[in-house]
Amino acid sequence: MDNLENVFRMFEAHMQSYTGNDPLGEWESFIKWVEENFPDNKEYLMTLLEHLMKEFLHKKNYHNDSRFINYCLKFAEYNSDRHQFFEFLYNQGIGTKSSYIYMSWAGHLEAQGELQHASAIFQTGIHNEAEPKELLQQQYRLFQARLTGIHLPAQATTSEPLHSAQILNQVMMTNSSPEKNSACVPKSQGSECSGVASSTCDEKSNMEQRVIMISKSECSVSSSVAPKPEAQQVMYCKEKLIRGDSEFSFEELRAQKYNQRKKHEQWVSEDRNYMKRKEANAFEEQLLKQKMDELHKKLHQVVELSHKDLPASENRPDVSLVCVGQNTCSQQELRGPSLSSISHQTSESSGEKPQEEPSVPLMVNAVNSTLLFPAANLPALPVPVSGQSLTDSRCVNQSVHEFMPQCGPETKEVCETNKVASINDFHTTPNTSLGMVQGTPCKVQPSPTVHTKEALGFIMDMFQAPTLPDISDDKDEWPSLDQNEDAFEAQFQKNAVSSGDWGVKKIMTLSSAFPIFEDGNKENYGLPQPKNKPLGARTFGERSLSKYSSRSNEMPHTDEFMDDSTVCGIRCNKTLAPSPKSIGDFTSAAQLSSTPFHKFPADLVQIPEDKENVVATQYTHMALDSCKENIVDLSKGRKLGPIQEKISASLPCPSQPATGGLFTQEAVFGLEAFKCTGIDHATVEDLSDANAGLQVECVQTLGNVNAPSFTVENPWDDELILKLLSGLSKPVTSYSNTFEWQSKLPAIKTKTEYQLGSLLVYVNHLLGEGAFAQVFEAIHGDVRNAKSEQKCILKVQRPANSWEFYIGMQLMERLKPEVHHMFIKFYSAHLFKNGSILVGELYSYGTLLNVINLYKNTSEKVMPQALVLTFAIRMLYMVEQVHSCEIIHGDIKPDNFILGHRFLEQADEDLATGLALIDLGQSIDMKLFPKGTVFTGKCETSGFQCPEMLSNKPWNYQIDYFGVAATIYCMLFGSYMKVKNEGGVWKPEGLFRRLPHLDMWEEFFHIMLNIPDCHNLPSLDFLRQNMKKLLEQQYSNKIKTLRNRLIVMLSEYKRSRK
């Protein structure tokens, strides 16, 4: 067998180098040689015939070749279902003019008992004038004679007793008209051709005539009666209709087959769904394991750093956080040397169920809270605060369920929260998180805040050392605490008598902080946006409140905010060690708390002189809370938990306006100082993304995890994309230029005005229509500013597609500002129930495909080499930038490169300015997958499938490499690229005979089409530099002239379209 395989490989090599015009003759010689030398090896002969069938199946010049038909008949002998094989040949047009195919096919059907179908096959061959005609007609006459011979014995037995099957036939004959009898159903009902009924009628008439002739030859059979029962010969399998004493009808038989087929389809569907679920579970487990390993590493690093820094903790001041606010009624200024607040999540509540949080996100919170807020030896920064009230808006919390009391029947709260940090240069640890509160300093420095049990397991010993708190005589109590709270706090008061100032001091409730005002993205995008979409609130360090017992002076609240609201402004700075199980645990852990209860003297408030270095080297964040009303009567005891949460809230309804106050001078100066710090923004971004939660549904990975290769079948699967969008740390709906509408998408028509919030849009005309969307040119203007008018595009899709908008926003966030113009810019997204409208930048001068077609009408027929090199250099740079953001475009082709007005206006050295990459609907964000993920699916655009897809190999970034190569090929030759595999090397099918710079282009296409694997991608910068060098050497004097000529062609093309 090995010898035969070697011989076959030699034969294949011979056929690849064969240049004759009759390859079938070579196959015929080889098969004859195999039959002579290996007559007993039938399996190999069958394999050889199968290869021959595949080789010549689509070569129409051999479809009626007698040699090829002979091999098809031989191959049919080895086929278990010959009828299906002959049907396949007939549908492919093979042997339609050969009598041997029809004779073999009809003979097989006759052997199976399907006489009616066999007769139809004979008649089909005669109708198609199959050669040789005489042989086919002779075989058909013999078939009819055999059919008559079968009928004659049955005629002599008509007077004998009938069996059950014959009774059934007799009933059918007497109760059915001749028209109904002609519609008898054969065995293979599903595959019967439409001409069978007519052929059946012809057959019966022929049989009737032959019976009359036999009666003249002294046959005793009556000519008037005998032919009729013979014409009713049953043409179906009686065994399937008769089962013992019962009989099936045709409908019941069909129903039985239908049920069997449905069961099979259901089984296949369930098996497919099971495999998808299995793959998804493995995918999630891989992500979870990967992130857990990374978090373990970070926790170990934190522990090592904490142990190293522990001896010097007494000489180190800390950075503390606060959510400061101002009451909208009083509007008084708050000042303090340190703004600190460490909030906790409610561990147990007597009146409502606590919201369970997964363990993994808590670990991420622990890492962030430890890494992002280290201590610093810097002076304190006072932050005076002022604010103004907000109007009718609501803060929706999407991560935890908390209670928000209302201040009136028509009052709603708005929480616009960022992060605030202030620096404390005192040796003692103050507590000013609750407003203008005086407290006694303590010499015990706060230990690192820990939020997970696993982290506590590592650094528990750090909190067990005894402390020596200072003694204070101030023992004011909080007047708003109820009896349960007083009893709880009394434990600390008792400790204060003997060991120092551990009592609860006088605490004032915080009013709402000043709000932040941002007037949209007009500066960034150049498009006026609806200003009724407030930013999503992000509250750092808030904790939920337990249900309070009703009091006579307590404000009523509705059930609407029982579970999904956020309490803003109320802070209680209790930091505990291990996670408490009961109130008693707080008592034992009170002296180990990192921030005990103090008052802080008002005379220690100082303004640092050097404001520029306030946060010079710190990983700090500034947070600003804005709430409309925050007057809450604390009527019942609160249970504290050590878990610190980050709550994000957003307002999806675009119909509610929001206003806000401005920063005070000190706060703005602090923010500017923060911008000047040397923070590694990439590190902070990764850590903030990790802090968003590592749910099972979320598949976002850390940037520096070296995970093994993971295979995903189809990155464009709708369910997978919905899963990725739902697991984002920053949802698409939280962007300030995203608007959700609770109505259906309106029908977009040209020459019509539409109102989108404060944006008035006039649809001018349809620019293009693809398989997934329609693109309109529109003129928009702000309702509040009649002079503002600008052209844009409206991309209308059904159903809603927020994925493209997400990719566009991620590109703008991850790319450098100087390259933003190279990619499509979306001004806003409007999401409806059944569709979406993306408002984006307009490019007026057509796509690269239009440019290629324009040159086809010139004498050159193709684009000049200088322009090809210019555009190719820009394309390689674009793709390089996209890949550096860990994004795959996925649909690079000539009609997705577009020219805008910048191409006509720019006259600098960058001659390709104005070329932009559009259509991000097929893009893939690799940051949402484990590092090293590969894909196996195929894109829908068959002409742009990369070699990895054609050879069923895994791929990721290769799809963009192939897209660039195919686009450049289209510019060079004016046609789409087709590739072929020659000896394992992929090449374009076109000839490169008179192409300038042949060596360079052959090397380029070889590199782009023959990528070793997903982990060894070629350098786009290397290819770009080679082209740039060639362009400067050969075409530096011609390129501007060619570019100006193209500008004229584009301008004329634009005018012709109008």
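Including glycine, each Cβ sits where the backbone N, Cα and C put it.
These numbers come from a predicted model, not from an experiment.
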Which single residue out of Lys730, Lys744, Lys749, Lys795 does Swiss-Prot record at the ATP site shared with Leu767, Gly768, Glu769, Gly770, Ala771, Phe772, Ala773, Gln774, Val775? Lys795
Per Swiss-Prot, the motif 'Nuclear localization signal' among 58-65, 202-209, 386-393, 426-433 spans residues 58-65
Which range of 229-255, 607-633, 688-714 is region 'Necessary for interaction with BUB3' in Swiss-Prot? It is 229-255
Which is it, of 99-132, 813-846, 847-880, 949-982, that Swiss-Prot names as region 'Necessary for interaction with KNL1'? 99-132
Measure from the CA atom of Asp891 (active site, proton acceptor) to the CA atom of Ser306 (phosphoserine) and give the result in Å, rounded to a whole number. 49
Would you count the other C-beta atoms found within 10 angstroms of the C-beta of Asp891 (active site, proton acceptor) for me? 22
Counts by DSSP class (helix H/G/I, strand E/B, coil) across the motif 'Nuclear localization signal' (58-65): 3 helix, 0 strand, 5 coil
Quick check on the region 'Necessary for kinetochore localization' (1-146): DSSP residue counts for helix, strand, coil, in that order please. 111 helix, 2 strand, 33 coil
Taking all protein chains shown into account, the Cβ-based neighbour count within 10 Å for Ser306 (phosphoserine) is 17
